[in-house]
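**Student:** Got a structure for you, written out below as structure tokens; questions coming shortly.
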Amino acid sequence: MSFNIFIASDHTGLTLKKIISEHLKTKQFNVVDLGPNYFDANDDYPDFAFLVADKVKKNSDKDLGILICGTGVGVCMAANKVKGVLAALVVSEKTAALARQHDNANVLCLSSRFVTDSENIKIVDDFLKANFEGGRHQRRIDKIIRYEKETE
């Protein structure tokens, strides 16, 4: 593939991260695992969220990110603090597609506790299959970007 998928999690998402990484590699995606590589109950999700978000922002029109924590909320909040990142917490296949089609999300945030591994795989697949539709949706994204610049 001509783009990277950066993936990371906290300790609660470690197993799911490995499952998703292997799934994507079998589909020939270029997956870059940013950690963790071992279980550490004291790790902090913002550290991994910032790693992925910083990588995605460098090539935000191509590269994508996947972040995992217990709820998906924490990594989503942290990733959205990085300028140029549009992170979406997704818990269903339908919203996975819409996050890309309508919101041009470039970071997918997943819950390892409240969504099954198999459902998360479907969410990832639908997210990656979808493309941004532009049009009226671009106007809305432009407003977000403009506000981000105005409030620096």
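From the backbone N, Cα and C atoms, a Cβ is placed for every residue, glycine too.
Not my notes, these are from Swiss-Prot:
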- Asp10, His11, Gly70, Thr71, Gly72, Val73, Gly74, Asp103, Arg113, Arg136, Arg140: D-ribulose 5-phosphate binding site (BINDING)
- Cys69: active site, proton acceptor (ACT_SITE)
- His102: active site, proton donor (ACT_SITE)
**Student:** Highest Cβ count within 10 Å among the recorded positions His102, Arg113: which residue is it?
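**Tutor:** Most Cβ neighbours within 10 Å: His102.
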**Student:** For His102 (active site, proton donor) and Gly72 (D-ribulose 5-phosphate binding site), what Cα-Cα distance in Å is obtained after rounding to a whole number?
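**Tutor:** The Cα atom of His102 (active site, proton donor) is 20 Å away from the Cα atom of Gly72 (D-ribulose 5-phosphate binding site).
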**Student:** Over the residue list Asp10, His11, Gly70, Thr71, Gly72, Val73, Gly74, Asp103, Arg113, Arg136, Arg140, recorded for D-ribulose 5-phosphate, what is the maximum interresidue Cα distance in Å?
**Tutor:** 39
**Student:** Please give me the CB contact count at 10 A for Asp10 (D-ribulose 5-phosphate binding site), counting all chains in the structure.
**Tutor:** 25
**Student:** Quick check on the binding-site residues: of Gly72, Gly74, whose CB has the lowest count of neighbouring CB atoms inside 10 Å?
**Tutor:** Gly74
**Student:** For Cys69 (active site, proton acceptor), identify the closest of the binding-site residues Asp10, Arg113, Arg140, judging by Cα separation.
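**Tutor:** That would be Asp10, the closest of Asp10, Arg113, Arg140 to Cys69 (active site, proton acceptor).
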**Student:** If you count other C-beta atoms within 10 angstroms, which of the recorded positions Cys69, Gly70, Arg140 is the most crowded?
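**Tutor:** The most densely surrounded of these recorded positions is Cys69.
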**Student:** Taking DSSP as the reference, which of helix, strand or coil describes Arg140 (D-ribulose 5-phosphate binding site)?
**Tutor:** helix
